[in-house]
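Colleague: Below is a structure I'd like to ask you about.
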Amino acid sequence: MRLLIPSLIFLEALGLCLAKATTVQWCAVSNSEEEKCLRWQNEMRKVGGPPLSCVKKSSTRQCIQAIVTNRADAMTLDGGTMFDAGKPPYKLRPVAAEVYGTKEQPRTHYYAVAVVKNSSNFHLNQLQGLRSCHTGIGRSAGWKIPIGTLRPYLNWNGPPASLEEAVSKFFSKSCVPGAQKDRFPNLCSSCAGTGANKCASSPEEPYSGYAGALRCLRDNAGDVAFTRGSTVFEELPNKAERDQYKLLCPDNTWKPVTEYKECHLAQVPSHAVVSRSTNDKEEAIWELLRQSQEKFGKKQASGFQLFASPSGQKDLLFKESAIGFVRVPQKVDVGLYLTFSYTTSIQNLNKKQQDVIASKARVTWCAVGSEEKRKCDQWNRASRGRVTCISFPTTEDCIVAIMKGDADAMSLDGGYIYTAGKCGLVPVLAENQKSSKSNGLDCVNRPVEGYLAVAAVRREDAGFTWSSLRGKKSCHTAVDRTAGWNIPMGLLANQTRSCKFNEFFSQSCAPGADPKSNLCALCIGDEKGENKCAPNSKERYQGYTGALRCLAEKAGNVAFLKDSTVLQNTDGKNTEEWARNLKLKDFELLCLDDTRKPVTEAKNCHLAIAPNHAVVSRTDKVEVLQQVLLDQQVQFGRNGQRCPGEFCLFQSKTKNLLFNDNTECLAKIPGKTTSEKYLGKEYVIATERLKQCSSSPLLEACAFLTQ
C-alpha cells in the first residue's frame, strides 16, 4: 500500500461515503489522556464529525481487556504491548498505523541495523570479543533487537540470570547508555561522557541515541554500531563518507549501507491503533481517524492538535512525532504487523538457551490440507523429529505462517513463488526433474530447466483450437498457480484485452475462485461433496492430477497443466479407478498456432516454459533449511538410503503431496537468491500484468509491510 502524499489521507471508496453514526469508544490510561480525549470528542462534535466517547482505565492492560469485552473500542499501542495484545485471549488487531517522517518520506517503521567499517572482515555470528556501540539499554534498535538476535551466541541460560552480565562478557568493551555502570562497568567502558554523564541515557553522553551509537563507531570506540538504518544517511550525507561503512546481515553476509531494507536485524513497527479482530467497528474507527487527521493533524490552524500534548506531558493518545495515519490492510494481524524478526528478537530475551538453539536447528514444514499433513507426519516420524509439521487450508495461509515464523518452509509453484517473494520470502532449493542431457549423479548441482505448461484436450473432442476456446469448459490446477492459471489466463487476457475470466469459459473448475461463480461450477469437492472448489487436495479436481481428472471425466473440454502430468497418469501408470483405463493416445495438446499435436510433442506445442517448483523460506532460515533438506533427501529422496523402506519424499498416495512426484532431487539455485531472479524477468512481467486483473488481500498486505 502506498502512502498518498501530501495529504496522508487515504480516501478509499468506503471512506468517501457517509459512515454510519457509530460511536467509537476510545480508551485512555491516565487523567491527562482522558482530558485530551474529551477535548477531541468536543472538537469532533463542533465540526460534525463521527461520534466519539472516552473511557478511562488505570492501565494499558485494563484498556486491552475493556476492548475485548466491548466496553471500549480502540487505543494506541507500541510494538511490545501489541505483541501480547495480539495473542489469545485478547486477539486484538492493528487498524491504523501511525506515520512518521515527512510528507516526502513517510514511514510506518524503521530498520534496526548493525553497522561496521568497510575494512571489517567479520560477520554477525563472529562478534564475540569485539567492541560494541548501542543506542541505549532497553531500546529496540540498540539493545532488544541486536541482543535478541545474538541470543544464541551469548553464554546466558535465560531468566533469572542477568542478561546485562552475559552481554558484558560477550563483548570486550561496550557503550550501552543507561546501563548500571557500577554493576556492569564493561557496558560503559567505551562511552565518551565525563563524570556523572558517562554512560548516561541522555544527550550529555555523546554516544547515546541513534546518532551517538554511529559516532561511537566513527570515533573507533567500537567495532560495530547497533542503530537505525536511516541514521547513516542523516549523519553521513556525503556518499564518500557513507561508503566507508557496510552492514552485517542476518545471513552472515555484508551489504552496502544503502541496502538496509534488505539487510537489517529487524523492522521495528510504528505504534498502531488496535481494536477487536471481529471487525465490528473497524470502519467507524478508520473514519474517525481519517477525519480527525484532516481537521486536527499537523500544521492545521485549529487550536486542538491531535498529535500534540500540553506542556509537561508527552505522547498522549498518540506519538507526537506522528504526522498522520495509514490504514492497515485487513489481512495484517499483529504477527504480520510486528514482523518475524522483531517478535523473535523479543521472544529470544525470554527463552532458555537450549530452547533458542533448538528452534534455530528445527525445520517446520507447512502442509496444505489434510492429505499433505498425513504425509508430513510420516516425514516427521521418519526424520526423528528433525522436520516438524503444521497444516493450513490454503497455500496463502502457509505463506503467512512462514512469514510469521509459525512455519519455516514449503515447496511452491511459480505463481506462488511470485507471491511469496513479494512477501519477503526467498527460494532455497528447486525441484529438479530428470534430464536427458545428464545422469542423476549431478542432480543437486544441475541447473533447473523448467517445465512445459500445456493445454490438454481429449482427442475425441475435436472441432476447436486455441483461438476458439471461448464458451468451452475448462479445468485448472488452481487460481494463481503457474501452468493452471497464470500462463493460460495471462495469454487469454492479452488476446481478449479483458479480465472477465468467469465469462470467457462457460464453466470451469479453478480451485480457489469464488465458489458461487462459474469458475467453480465444474468442481466436485471431496467424496462427501463438501469442500467444493477448495484450493487444496480436498477438492478432487485440484492440482495437476486433479485438472487431468476433470478433463478425463469429461467435466471440461480443456485442462491447463504441465505436459508430464498426462504422461504420468496414462497407460497404467496411475492405478486409481478414474485413471486406470486412460491411454496417452487419447489426449492431445492445443498449440498457439491453432494446431493440435500429440502429448509427446509438447516441446513443439506448449503455452510457455514455466519455472520449476521451489522450496521457499525466510532469509534467516536459508542456511539451516538447505542443510536439513539436502540431508533428508540423502535418506528419503529418490534412491535414498531409507526409501522406499521407510519413507519417500517424492512419492505420494494421491499424487504430488508436499513435492511433485516426478522430482528427482532438490537442487541448489546459486545466484538466484530472490524470487524475481529465480522466476526470470519475462515470467515476472507476465504475472504482474495478470495481477492487475484482480485484487489480492495477501499481496496488498505484503505491499504495506514492505513499503
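Sequential numbering from 1, following the chain as shown.
Cβ coordinates come from backbone N, Cα and C, glycine included.
Okay, these came from Swiss-Prot:
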type: BINDING; residues: D78, Y110, Y210, H271; note: Fe(3+) 1 binding site
type: BINDING; residues: T135, R139, A141, G142; note: hydrogencarbonate 1 binding site
type: BINDING; residues: D413, Y451, Y544, H613; note: Fe(3+) 2 binding site
type: DISULFID; residues: C27-C63; note: disulfide bond
type: DISULFID; residues: C37-C54; note: disulfide bond
type: DISULFID; residues: C133-C216; note: disulfide bond
type: DISULFID; residues: C175-C191; note: disulfide bond
type: DISULFID; residues: C249-C263; note: disulfide bond
type: DISULFID; residues: C366-C398; note: disulfide bond
type: DISULFID; residues: C475-C550; note: disulfide bond
type: DISULFID; residues: C499-C693; note: disulfide bond
type: DISULFID; residues: C509-C523; note: disulfide bond
type: DISULFID; residues: C520-C533; note: disulfide bond
type: DISULFID; residues: C591-C605; note: disulfide bond
type: DISULFID; residues: C643-C648; note: disulfide bond
type: DOMAIN; residues: 24-351; note: domain 'Transferrin-like 1'
type: DOMAIN; residues: 363-692; note: domain 'Transferrin-like 2'
type: CARBOHYD; residues: N118; note: N-linked glycosylation site
type: CARBOHYD; residues: N494; note: N-linked glycosylation site
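Surface or core, plus neighbours and distances: that's what I need for these features.
Modeller: Using a 10 Å radius centred on the Cβ of Y210 (Fe(3+) 1 binding site) and all shown protein chains, the other Cβ atoms total 23.
Under the DSSP three-state reduction, T135 (hydrogencarbonate 1 binding site) is assigned to coil, being neither helix nor strand.
The C-beta environment of Y451 (Fe(3+) 2 binding site), restricted to residues of the same chain at least 6 apart in sequence and closer than 8 Å, consists of Q433, A483, K562, D563, S564, I609, A610, N612.
Of all the Cβ atoms in the protein chains shown, 26 others lie within 10 Å of the Cβ of C27 (disulfide bond).
Cβ-based neighbour count (10 Å, all protein chains) for C37 (disulfide bond) stands at 21.
Sequence-distant neighbours of C133 (disulfide bond) (same chain, 6+ apart, CB under 8 A from its CB) are S174, C175, S190, Y207, G212, A213, L214, C216, L217, A221, G222, V224, A225, F226, T227.
DSSP assigns C249 (disulfide bond) to coil, not to a helix or a strand. Long-range Cβ proximity for C249 (disulfide bond), meaning a same-chain Cβ under 8 A and a gap of 6 or more residues, is found for L124, K255, E262, C263, H264.
Cβ neighbours within 10 Å of C366 (disulfide bond), excluding its own Cβ and spanning all shown chains: 27.
Secondary structure from DSSP puts C475 (disulfide bond) in a beta strand. In the shown protein chains, 28 other C-beta atoms lie within 10 A of the C-beta of C475 (disulfide bond).
A 10 Å cutoff on Cβ-Cβ distances gives C499 (disulfide bond) a total of 15 other Cβ atoms nearby, all chains included.
For C523 (disulfide bond), the same-chain residues 6+ apart in sequence whose C-beta sits under 8 angstroms from its C-beta are C509, P511, P515, K532, C533, E539, Y541. C523 (disulfide bond) carries neither a helix nor a strand DSSP state and counts as coil.
In the three-state DSSP assignment, the secondary structure recorded for C533 (disulfide bond) is coil. Using a 10 Å radius centred on the Cβ of C533 (disulfide bond) and all shown protein chains, the other Cβ atoms total 27.
In the three-state DSSP scheme, C605 (disulfide bond) falls into the coil class.
If you take the C-beta of C643 (disulfide bond) and look for same-chain residues 6 or more apart in sequence within under 8 angstroms, you find Q635, F636, G637, L649, Q651. Under the DSSP three-state reduction, C643 (disulfide bond) is assigned to coil, being neither helix nor strand.
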Colleague: Between C191 (disulfide bond) and H613 (Fe(3+) 2 binding site), what is the CA-CA distance rounded to a whole number of Å?
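Modeller: Distance (Cα to Cα, whole Å): 52 Å.
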Colleague: On a simple 10 Å Cβ count over all chains shown, which one of the disulfide-bonded residues C175, C398, C605, C648, C693 is most densely packed?
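Modeller: For the disulfide-bonded residues C175, C398, C605, C648, C693, the Cβ with the most other Cβ atoms within 10 Å is C175.
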Colleague: Just the number: how many Å between the Cα atoms of C63 (disulfide bond) and H613 (Fe(3+) 2 binding site)?
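Modeller: For C63 (disulfide bond) versus H613 (Fe(3+) 2 binding site), the Cα atoms are 47 Å apart.
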Colleague: Select the closest residue to C520 (disulfide bond) from the following recorded positions, measuring between CA atoms: Y110, H271, C499, C550, C591.
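Modeller: That would be C550, nearest by Cα distance.
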Colleague: Please report the distance from the Cα of Y544 (Fe(3+) 2 binding site) to the Cα of C54 (disulfide bond), rounded to the nearest angstrom.
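Modeller: Rounded to the nearest whole number, the Cα-Cα distance is 56 Å.
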Colleague: Which of N118, T135, N494 (the recorded positions) has the most other Cβ atoms within 10 Å?
Modeller: T135
Colleague: Quick check: which same-chain residues outside T135, R139, A141, G142 lie with their CB within 8 A of the centre of the hydrogencarbonate 1 site CB atoms?
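Modeller: Leaving out the recorded residues gives A112, H134, G136, S140, W143, K144, I145, G209, Y210, A213, F226, T227, R228.
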